[in-house]
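Database features, via Swiss-Prot:
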type	residues	note
DOMAIN	47-277	domain 'Radical SAM core'
BINDING	CYS65, CYS69, CYS72	[4Fe-4S] cluster binding site
BINDING	CYS109, CYS142, CYS202, ARG272	[2Fe-2S] cluster binding site
REGION	368-407	region 'Disordered'
COMPBIAS	373-382	compositional bias 'Low complexity'
Amino acid sequence: MDLLNTLVDKGLRRETPTREEALAVLVTSDDDLLDVVAAAGKVRRHWFGRRVKLNYLVNLKSGLCPEDCSYCSQRLGSKAEILKYTWLKPDQASAAAAAGVSGGAKRVCLVASGRGPTDRDVDRVSDTIKAIKEQNESVEVCACLGLLSDGQAERLREAGADAYNHNLNTSESTYGDITTTHTYADRVDTVNKAHAAGLSACSGLIAGMGESDEDLVDVVFSLRELDPDSVPVNFLIPMEGTPLAKEWHLTPQRCLRILAMTRFVCPDVEVRIAGGREVHLRTMQPLALHLANSIFLGDYLTSEGQAGHADLELIADAGFEVEGAGEVTLPEHRASVRGGGCGSHEGGGACGSHDGADGDAGCGSHAGGGVCAPAPAATTPRPAEEPRTDLVAVRRRGAGTDLAPNA
C-alpha cells in the first residue's frame, strides 16, 4: 500500500504526515490492519527497538474532584463506587511506589485528584518525591496534579520530579463537550509550564468518548505541536456512575488503528498504552506492543488492570523486553535536549513545524497511488458489538487500602 510506504518513510525521517494520511490510517479495512501494524512497527523499532518501558501509577488522593470531566469516575457528582481518600503520607506513597519498581517499573506516576495543587500540596508532593528518590535514586518520577500555577513546576523539579503529565484528552473544538469547569487552553498552558521548568512533558488523549476521526487526528497533531516526550493513549473505561458509562465505541481493531496513527504522527516520542488497554484491546494487546513502546504496569487510578506478572509475560511472549533502569528511553536527539526534541530538529518536515496545526482535515479513500480523496463528512462512531462491562472492575487494593498492590 503506497500510503503505508509513505508513512514509514516519513516516520523514519521524523517528517510530518499530512492530516489526510493520518485520517486514512483510521479508515483502513480489517483486511489491511496487519499491514498497518507492520508499517507502524517499523517506525517504532527504528526509534525504540524492542524495548517496553513500564510505568506505575500511585493515586495520592482519590475522588471528590471539583471538576466535571464527563469521562472521570472522580468527577464532581460522580456516582461511581470508587475508593475515596485524602492525601497519602510520603511513607505510604513511597511504599506503593516501591512495589511498582520491584515489579519492573522504571517510572512512577504520582497522581492526585483536583483542579490543581495548592502551594501546600506542592510541598506535600515534594516530600513524597524526595522519599521515593531516597529509596531508589534511579527511578523516574512524574507528577500529575492538575492545572499548575506559576512557579509550581519549578518547585516540583527542584524536589526531584523528572516529568509532569497533563493530557489534552480531545480536540480543542470538542473540548467543551466533555468539560466545562476549565478550558483546553488551561491544559495547554500547564504543559507549557512543565516544558519551561525543564520537566519532561507528558501529554496524551482519551479515545472512545464519541469523538470523530477528525477529532482524533486534530488532538494528535496538536500534541505533536506541543512536543511532549511522552504521549499516553487512553481508551475510555466507561465507569458506571459517570456520564459516559454507555459510551462503548471501541473495538480492538479501532484501538490498533488509533495507536498506529499516533505512532506515524509522533514517530520518535514515547507512545504509551494507558487506561483501557485490557478492556478494549483484550487479546490484541501483544499486537499493540508493535506500535507503542510503553505501558502501565498493574492497576490504574480507580480501576483494576491486568495482573502485573501477566503484563511481564505479555511483553516476553510477544518478543519484547522490559526497558532497564540504566537504559535511555528516548532517541539521542530527544534525550540530549529535554523538551527540544520533536520540534527542534532541522528539516522542513520537522515535528511541530507543520501548517495548520489546529485545522480539521481527513482522508476517506485513496484515488490510486496513495493519493487522498476529499474527506467524507464526520460520522457518528459505531458502538462495539457488545459492551464488555464484565472487564471493568473498581480498584480495591494498593494505595489507599490495606491490601497489597498489583505489581
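One-based numbering along the chain as shown.
For all residues, glycine too, the Cβ spot is worked out from N, Cα and C.
Note that the structure is a prediction, hence the values are computed from the model and not measured.
Taking the mean position of the Cβ atoms of CYS109, CYS142, CYS202, ARG272 as the [2Fe-2S] cluster site, the remaining residues of that chain whose Cβ falls within 8 Å of it are ASN55, ARG107, CYS144, ALA163, ASN165, SER230, PRO232. Excluding the listed site residues CYS65, CYS69, CYS72, the same chain places GLU67, ASP68, TYR71, SER73, GLN74, ARG75, LEU76, SER78, SER113, THR179 with Cβ atoms within 8 Å of the centre of the [4Fe-4S] cluster site Cβ atoms. Between the alpha carbons (Cα) of CYS72 ([4Fe-4S] cluster binding site) and CYS109 ([2Fe-2S] cluster binding site) lies a span of roughly 18 Å. Residue pair CYS69 ([4Fe-4S] cluster binding site) / CYS109 ([2Fe-2S] cluster binding site) shows a Cα separation of 20 Å. Every protein chain shown contributes to the tally, and the Cβ of ARG272 ([2Fe-2S] cluster binding site) ends up with 25 other Cβ atoms within 10 Å. Rounded to a whole value, the Cα-Cα separation of CYS109 ([2Fe-2S] cluster binding site) and CYS65 ([4Fe-4S] cluster binding site) is 19 Å.
Here the Cα atom of CYS142 ([2Fe-2S] cluster binding site) is found 20 Å from that of CYS65 ([4Fe-4S] cluster binding site).
Per-residue confidence over the domain 'Radical SAM core' (47-277) averages 94 (mean pLDDT, predicted model).
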